[in-house]
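Taken from TrEMBL, the feature domain 'Peptidase M1 membrane alanine aminopeptidase' applies to 268-376. Look at TrEMBL and you will find H337, H341, E360 tagged as Zn(2+) binding site. Positions annotated as active site, proton acceptor by TrEMBL: E338. If you look up TrEMBL, you'll see Y412 marked as active site, proton donor.
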Amino acid sequence: MKIHPFRVLMVLPCFFMMLPGFAQKESYSRADSLLGTLTPLRGCYDVHHYDLSLRILPESKSISGSNTIYFTATRTFKEMQIDLAANLAIRRIEWKGSALPFNREAQAVYVRFPKNIKAGSQSSITVYYEGKPQEARNAPWDGGFVWKSHQGKLWIGVACEGVGAHVWYPNKDHLSDEPDSVRLHYEVPQGLWAVGNGQFAGIDTLQDGFVRFHWRVTYPINNYNITLYVAPYVHWQDEYTSDDEKRLRLDYFVLPGNEEKAKQQFAQVKPMLRCYEKYFGKYPFWRDGYKLVESPYLGMEHQSAIAYGNGYQNGYLGRSLSTATQIGERFDFIIIHESGHEYWGNLLSCQDRADMWLHESWCTYSEALYVECMWGKDAADAYLAGYRPLIQNQALMLAPRGVHADPPGDIYFKGALMLQTLRHIVANDKLWFRAIRSVLEEFGYKTVDTPTFIRFFSQQLNADYSLFFKQYLEYKDIPVFEYHVLRGKLHYRWKANVPEFEMPFVVSWPGETHRLRVTTQWQSLPLPHQVKKEDLIFDTHHFLVDVKETYEN
């Protein structure tokens with residue numbers, strides 16, 4: 001069934017950070033700046049490890065525990081900022097066995113040391129805390145804990161990408177700084193699993209009716225990707241064999257009674273891994289394995305422990321987000337999209353929420369590459385074209401920096417079609433995919449900002465695409481191909497916000513196809529005498545542009 005795109009937006013829960021009815025802020029608060037700015041009190045240290053111990057207390061919907069933050073001083077300092085939600089109480093902050101004084105402002109916690117921490121030295125603090133974490137009204141978009149039950153037993157999850165990980169544990173909550181590794185220790189009532197990221201590292205049975213699960217993350221990880229799932233899960237294991245014959249551990253955790261439909265639906269995992277390996281390289285968190293965990297919310301790209309809540313059905317809650325419904329309903333959107341984030345968002349990570357297009361544009365484009373891998377390029381082109389009606393062009397894809405800004409929904413669809421456009425500008429798939437691989441190799445397990453990414457990607461593509469990205473990322477409007485036919489000639493130019501904007505465009509008529517070098521200046525192309533204006537075909541299928549007939553000259 002073909003669904004009108006705006007009806008899709010009305011029927012389905014809002015998948016995007018921003019859509020009609022959700023306006024970007026026009027001004028930002030002190031709290032926004034405290035969270036979004038890499039101040040001297042945050043830039044003075046580099047986190048390299050978290051050791052998070054947490055007891056989950058379902059009856060009171062509360063948590064209690066500690067996080068030890070291991071860091072290296074990047075400059076000499078005596079005071080540092082960490083972050084923790086204001087509604088969570090800090091019992092004590094310890095350094096070398098002694099309590100440290102601290103004060104709080106919004107989510108910021110200012111910690112003072114008795115003497116200077118010298119540049120280059122390594123140290124750690126342990127934050128003991130407790131309280132009732134924020135409950136998510138509509139996870140994963142507004143963020144927080146989700147407390148549900150299944151067949152009378154607890155089902156708990158947490159998702160915090162938008163609001164920030166400080167909503168449930170103390171950390172340096174800035175995207176530019178990822179811990180290189182993490183240890184997780186979760187205590188839950190007996191009879192339940194507590195699933196975290198990375199490798200399972202054991203379980204302890206405690207004397208008070210609780211059990212403690214241990215997990216170990218051995219790669220750099222975004223703060224918001226550190227997660228927790230609690231339920232009476234059924235667990236099974238499988239393996240994926242890569243092109244070089246290496247074996248990847250696959251773990252699945254689903255609610256009791258869902259095993260059979262989960263096994264059928266999760267059969268999509270291995271072909272997905274094969275396709276992404278083809279375009280992007282091997283699954284990037286090999287040591288930690290790949291997990292799908294049934295979650296009490298739709299989905300989230302938690303590194304090596306992806307949240308799955310799509311109801312064991314194809315599409316997005318059973319429907320295609322792309323208006324190319326016959327293609328979008330061939331696969332499980334949550335499995336394909338969220339797994340794409342293992343490369344775009346988890347392997348390569350942005351440094352500020354302003355740069356979130358690096359996660360979402362590339363990941364949405366990855367959906368199309370999966371379609372191309374499975375069903376061919378024509379299907380992929382149709383799938384992306386089906387996203388065109390969902391583009392809003394109402395806000396800049398580059399959000400303000402330093403204020404923890406919410407980027408617009410266009411970073412998904414518009415961003416993906418922007419990349420589709422660039423692929424057809426490059427017009428060399430061997431070069432295109434080699435450049436993508438090079439980007440992931442260069443910035444893998446690192447953070448990157450937009451200018452650095454564009455500069456390096458352009459180098460790999462052997463051309464300067466800074467003006468192209470400037471037009472699509474820094475302006476709301478897309479380029480307009482203006483044209484008219486006069487005295488047997490096609491007159492044409494780009495109308496764009498960026499001065500000296502230049503981009504090829506494909507125009508055809510029966511029997512001929514022309515790839516035009518188009519600038520913001522009027523040019524002309526002689527037409528065969530039999531070709532009329534009505535015969536012209538403009539390639540808006542592969543290029544994200546508008547076309548307008550105009551007689552301005």
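Cβ atoms here come from the backbone N, Cα and C positions, even for glycine.
Remember, TrEMBL labels are computer predictions, not curated facts.
Location within the structure of each feature annotated in TrEMBL.
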{"residue": "H337", "record": "Zn(2+) binding site", "DSSP class": "helix"}
{"residue": "E360", "record": "Zn(2+) binding site", "DSSP class": "helix"}
{"residue": "Y412", "record": "active site, proton donor", "DSSP class": "coil"}
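In this structure, the C-alpha atom of E338 (active site, proton acceptor) lies 10 angstrom from that of E360 (Zn(2+) binding site). For the pair E360 (Zn(2+) binding site) and Y412 (active site, proton donor), the C-alpha distance works out to 5 angstrom. You'll find the Cα of H337 (Zn(2+) binding site) roughly 11 Å from the Cα of Y412 (active site, proton donor). The Cβ neighbour count for H337 (Zn(2+) binding site), using a 10 Å radius and every protein chain shown, is 24. Neighbour counts of Cβ atoms within 10 Å were compared for the recorded positions E338, E360, and the top value is held by E360.
By the criterion of other Cβ atoms within 10 Å of the residue's own Cβ, the least surrounded of the recorded positions H341, Y412 is H341.
Counting only the Cα atoms, the space from the residue listed as 'active site, proton donor' to H341 (Zn(2+) binding site) is about 12 angstrom. Same-chain residues that are not part of H337, H341, E360 yet have a Cβ within 8 Å of the Cβ center of the Zn(2+) site turn out to be E301, E338, G340, W344, G345, H359, C363, T364, S366, Y412. In terms of DSSP secondary structure, the domain 'Peptidase M1 membrane alanine aminopeptidase' (268-376) contains 47 helix, 18 strand, 44 coil.
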